[in-house]
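**Student:** Found this in TrEMBL, in case it helps:
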- 435-449: compositional bias 'Polar residues' (COMPBIAS)
- 17-426: domain 'Major facilitator superfamily (MFS) profile' (DOMAIN)
- 435-460: region 'Disordered' (REGION)
- 21-43: transmembrane segment (TRANSMEM)
- 55-78: transmembrane segment (TRANSMEM)
- 90-108: transmembrane segment (TRANSMEM)
- 114-133: transmembrane segment (TRANSMEM)
- 154-181: transmembrane segment (TRANSMEM)
- 193-212: transmembrane segment (TRANSMEM)
- 243-266: transmembrane segment (TRANSMEM)
- 278-296: transmembrane segment (TRANSMEM)
- 308-327: transmembrane segment (TRANSMEM)
- 333-352: transmembrane segment (TRANSMEM)
- 373-392: transmembrane segment (TRANSMEM)
- 404-423: transmembrane segment (TRANSMEM)
Amino acid sequence: MASTKSPEKSTPMLKRAAASAYLGSVIEYYDFFVYSVCAALVFKDVFFSNLTPAVGTLASLATFATGYLARPLGGIIFGHFGDKLGRKRMLVLSMFTIGIASTAIGLLPTYDQAGLIAPVLLILIRVIQGVAIGGEWGGAMLMSAEHATKNRGFWASFTSAGAPTGQLVSALVIAGTLAAMGPDAFIAWGWRLPFLASVILLIVGVIVRSAVDESPEFLAAKKRTPKRGIPIIATLRKQPLTLLLAVGVGLSAFMFQGLLTTYSIAYGVQIGIERQTILNALSFSSFFAIFGIIGWSRLSDTIGRRPLVIAGAVLIAVWGFALFPMLETKNGLIITIGMVIGQGVIHPMIYGPLAGLYSELFDTEHRYTGASLGYQIAGIGAGISPVLFAAILNSTGSPSTIPLSIVILIVAAISIFCIWRLGETKSRTLSEQNFAETPAATGTASATDTPPAAMEGPIP
């Protein structure tokens, strides 16, 4: 079988698969951060200039959320064909669609130029892009994980490490553009340049991705069962509880991500922090997050996914209360420390191991669909959390951020409960068939799922 290749023979293609996954994630999150910054700072004046500033900001953040709402649909569509036809074809298509959509946003007319058609086109492009992004992460992660013969968490983490890299690149591009032309010119037309620049990343990414071989696990599964059913039906029929728990595990990481990378900008500007101060803090924190994701993921190959996710969720709950007071100091150094610890250390404790974890939860025959759905449904949290936080503060009429911190606490508790029920997965072999529901989730053991205590020893 393809999956029995020696590590030495697999290494060149494994590295290429990891590089492809990394670049795809860079493009995805480059767009994510460019759009989140523009939604928080610019789009209320460009696409919603007919609304009051407060309502315009809320509408801008809502368009940001529409892309996330479309992602589960993308997970189903790309997952279906990725499980039936192969990972590689879908990944080239998803990357191409993401890059073209991002470039198209940079060419849109403003509300003053085209009226209502401008925000309608913006929303339409975001939905198309959201569908493509919905199929990107799951397939890219699987190309790395299914090529790996050991240290699966480490190799799969390069998909996740592309996220802060994309944020860092986009923050530098936005900060450079803003500094070069000033805020007035940036709002008038300069915001388009970071979107148009994504075509450069697209060209490089498509070239690298086209050179990657198909996943050996997929080829083995295709030979094993040439006639297969519909992946989404198989996922919901065989592993519905696993899918639900997978969503819950990732929820706190994504809600926290929405707070760190999107809402903190809008909130910071609202309380009088300079835009450049927050962008600088995000740049520093994104740099540290690259190494945090890879480092924590490699550690998860040794001690397991579950201990790190639990520790990360506890710290997210704590930092949800600490971050807002640090922002309210308006001190650049304190803000940077808060963002670096939050995004560079705490968030990667969950976000890093997610790639290895999700690859280990589902059968090969519907793994693309299951992993994509789990990740993208959880990822809606990053899209709706800025809107939710803004709506909560607007509805209370109070400057207190305690209600927002309580929301973070609740979702962190959900993640702890879900990872505990899922159990430990790091010792699973991806070529195993019929994972069914995890024994920790159902209270029963199967031939292919070893109970956590027997597999890993006592959980810290």
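For all residues, glycine too, the Cβ spot is worked out from N, Cα and C.
Where the annotation comes from TrEMBL, it is an automatic prediction and has not been curated.
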**Student:** Do any residues, 6 or more residues outside the transmembrane segment (404-423), come within under 8 Å Cβ-to-Cβ of it, and if so which ones?
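**Tutor:** Hits for the transmembrane segment (404-423): 242, 245-253, 255-256, 259, 305-306, 309-310, 313-314, 316-317, 320-321, 324, 350, 357, 361, 381, 385, 388-389, 392-393, 438-441, 449, 451-452.
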**Student:** How about long-range neighbours of the transmembrane segment (21-43): same chain, 6 or more residues beyond its ends, C-beta under 8 Å?
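**Tutor:** Same-chain contacts beyond the flanks: 56-57, 60-61, 63-64, 67, 91, 94-95, 98-99, 101-102, 105, 122, 126, 129, 133, 136-137, 140-141, 143-144, 156, 158-167, 169-171, 173-174, 186-187, 191, 194-195, 198, 201-202, 204-205, 208-209, 261-262, 265-266, 269, 275, 279, 282, 386.
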**Student:** Would you call the transmembrane segment (55-78) and the transmembrane segment (373-392) in contact, using three or more Cβ pairs under 8 Å, pairs 6 or more apart in sequence?
**Tutor:** yes
**Student:** By a Cβ-Cβ criterion of under 8 Å, what residues six or more beyond either terminus of the transmembrane segment (154-181) are in contact with it?
**Tutor:** 14, 17-19, 21-34, 37, 137, 140-141, 144-145, 147-148, 190-191, 193-194, 197, 201, 261, 275-276, 279-280, 282-283, 285-287, 289-290, 293-294, 297-298, 301, 343-344, 348, 351-356, 359
**Student:** Give the one range among 90-108, 193-212, 373-392 whose Cβ atoms make the most pairs under 8 Å with those of the transmembrane segment (243-266).
**Tutor:** 373-392
**Student:** How about the transmembrane segment (193-212) and the transmembrane segment (308-327): at least 3 CB pairs under 8 Å, pairs 6 or more apart in sequence, or not?
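**Tutor:** When sequence-distant Cβ pairs are counted, the transmembrane segment (308-327) does not touch the transmembrane segment (193-212), since fewer than 3 lie under 8 Å.
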**Student:** Considering every residue in the domain 'Major facilitator superfamily (MFS) profile' (17-426), what is the mean pLDDT value?
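**Tutor:** In the predicted model, the domain 'Major facilitator superfamily (MFS) profile' (17-426) has a mean pLDDT of 89.
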